[in-house]
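Here is what TrEMBL says about this protein:
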TRANSMEM  12-33  transmembrane segment
TRANSMEM  45-63  transmembrane segment
TRANSMEM  75-96  transmembrane segment
TRANSMEM  108-133  transmembrane segment
TRANSMEM  173-197  transmembrane segment
TRANSMEM  228-247  transmembrane segment
TRANSMEM  253-275  transmembrane segment
TRANSMEM  287-308  transmembrane segment
TRANSMEM  314-339  transmembrane segment
TRANSMEM  346-364  transmembrane segment
Amino acid sequence: MFISLSEGILTIRADGICTTALAAVMLLLGVWLKGQSRLLRKYCLPAPVVGGTLAMLLVFLGHETGLFQMEFDTQFQIPFMISFFTAVGLGAKLSAFSKGVNKGGKLLLIYWLITAFISLCQNLIGLTVGRVIGLEPAYALLSSAISMVGGHGAAGAYGSTFLKMGYPASMEVGASAATFGLIAAVMCGGPMGRFLIEKYHLHSEDMEEVRPLPEKPRELTHQQMAKLDILINVAVILICMGLGVWLAQGVGILLNMTFPSYVCAMFVGVLVRNLNEKFQVYRFSESLVGSFGEIMLNLYLAIVLMSLKLWEMAGILSGVMLIVLAQVAFMLTMCYFVVFRLLGSNYDAAVMCAGLCGHGLGAVPSAMVNMTVLADQYGMSRKAFLIVPVVGSCLADLAYQPHTLLLIKLFVENLD
C-alpha cells in the first residue's frame, strides 16, 4: 500500500494484496452488521454487498470532499471468480440428479427461453423510453440488454463500437448503466427470492432429500481431513482452474471470440468431480470445496463494489438513468408475476428468480451470491445452482446478441 500527498489530497494506492485484505475486512464487517441488524437479515442482503457498499460510499465521500482518494488494484478479482465457478463445478454430482434428468432439462430450456424473451423486452423498453425522451438509440441500447445481460465487458465492447460510429459518450453511458445494473442486481435479487419464499411458504426439497442420508466415507468433513487430503482438494481446484483457462483460450480461437474462462473451469470441475465419483482417485470434501468457493465469491463481490467509482456515474444522462430504472422495474415485475409461475411456483423457482435478477441486471456472480444467501437461510436448490450459471454464463449471450445486432442495424445511425 502506497500513501502520498498530492496537491493537498491524501492519496492511498492499494496493491493487489492490500486490496484483497481490505475486501476481507469489509466482508467481516458485513457479516457483523448482518448479525446486528434484523432488517439486513430479513431482506437477505449478502454480507459482501453490505460491507462492499459501505466501502464504496466511503471512497465516494473522500473523492467528493477532496479529503482523500483511494485506488484499488483488482488483479485478483478474475481469479477469485474463476475459483468460485470451479468450486461450483466440483460440487455438481450428476448422480444426485438422475431421477429428474428429463425434468431438469426441460426446466433449463424454459429458463433459457425466459432469459431470451426478457433480453428482447429490455432492448424494446430501452428503445421505447429513449424515443419518448429523445435519447439516441445507441445510448438507449447501451442501457438495455447490452449492459444488463452482457455486463461491463459487453458495455465496453459495444461502447467502443458506438464510439467509432460517432457517439462520444458511449463508454461512459455503458459503464454507468452496467454499474447501476450490478448494484440493483445484488440489492433486489435476494429480497425478491425471500419475498416469494415467505409469501408462498416454500421450502427446499433438497434439504429433505439430503438430510437423512449419512455422509459417505469418501466425503470428508474438515475435522476428518488430514493435511494431505486438504492439499489434494485445494490442488484439484487450482488444476481445474488452469485447465479451464487453457480450454477457454482454445475454444475462443475455434469460435473466433473471447470465451469466458470461468465457464470452462466450471465444466472441468463437473468432469473431474464425476470421474472421481466413479474411480475414487482422491478423498473429496464437499464442505471444504463449498466453503472455499463461497469465500472466493464473497471476496470477488466485495472487491467489485468497493472499487466502483460512483462519481463516474454522476455525469450519466438522466434519460439513461430512466431507462435503467425501467429495466429494474420490468425485471422485478416479470419475476413476480410471470417467471415464478412458469418455473413451477416452487422453492427452486423462487431461488431461480433471485438468480435471474442477478445475471439479468448485473452479472453471473451477482446471481450466484443472490442464490447463495437464500440457500444459507432457507436451504439448497440444486437445480437452480446448476441451471442458472449455465444459462447466465453463456446461453444468455447466445440469446441476446442476435436481436441486439439486428436492432443496432435497424435503429442506430452511423454518424461518422
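A Cβ is built for glycine as well, from the same backbone N, Cα and C atoms used for every other residue.
Panel annotation: around the transmembrane segment (45-63), residues 22-23, 25-31, 33-34, 69-70, 183, 186-187, 190-191, 297-299, 301-306, 308-311, 369-370, 372-373 of the same chain, lying at least six beyond its termini, place a Cβ under 8 Å from a Cβ of the stretch.
Between the transmembrane segment (287-308) and the stretches 12-33, 108-133, 173-197, 314-339, 346-364, the greatest number of Cβ pairs separated by less than 8 Å involves 12-33.
The transmembrane segment (346-364) shares more Cβ pairs under 8 Å with 173-197 than with any other stretch in the list 75-96, 108-133, 173-197. Only pairs six or more apart in sequence are counted, and the transmembrane segment (108-133) with the transmembrane segment (253-275) gives fewer than three Cβ pairs under 8 Å, not enough to call it a contact. With respect to Cβ pairs under 8 Å, the transmembrane segment (253-275) is most closely packed against 75-96, considering the stretches 75-96, 173-197, 314-339. If one looks beyond the transmembrane segment (75-96) by at least 6 residues along the same chain, the residues whose Cβ comes under 8 Å of a Cβ in the stretch are 16, 19-20, 236-237, 240-241, 244-245, 261-263, 265-274, 277, 284, 286, 289-290, 292-294, 296-297, 299-300, 303-304, 365, 368, 382, 385-386, 389, 393.
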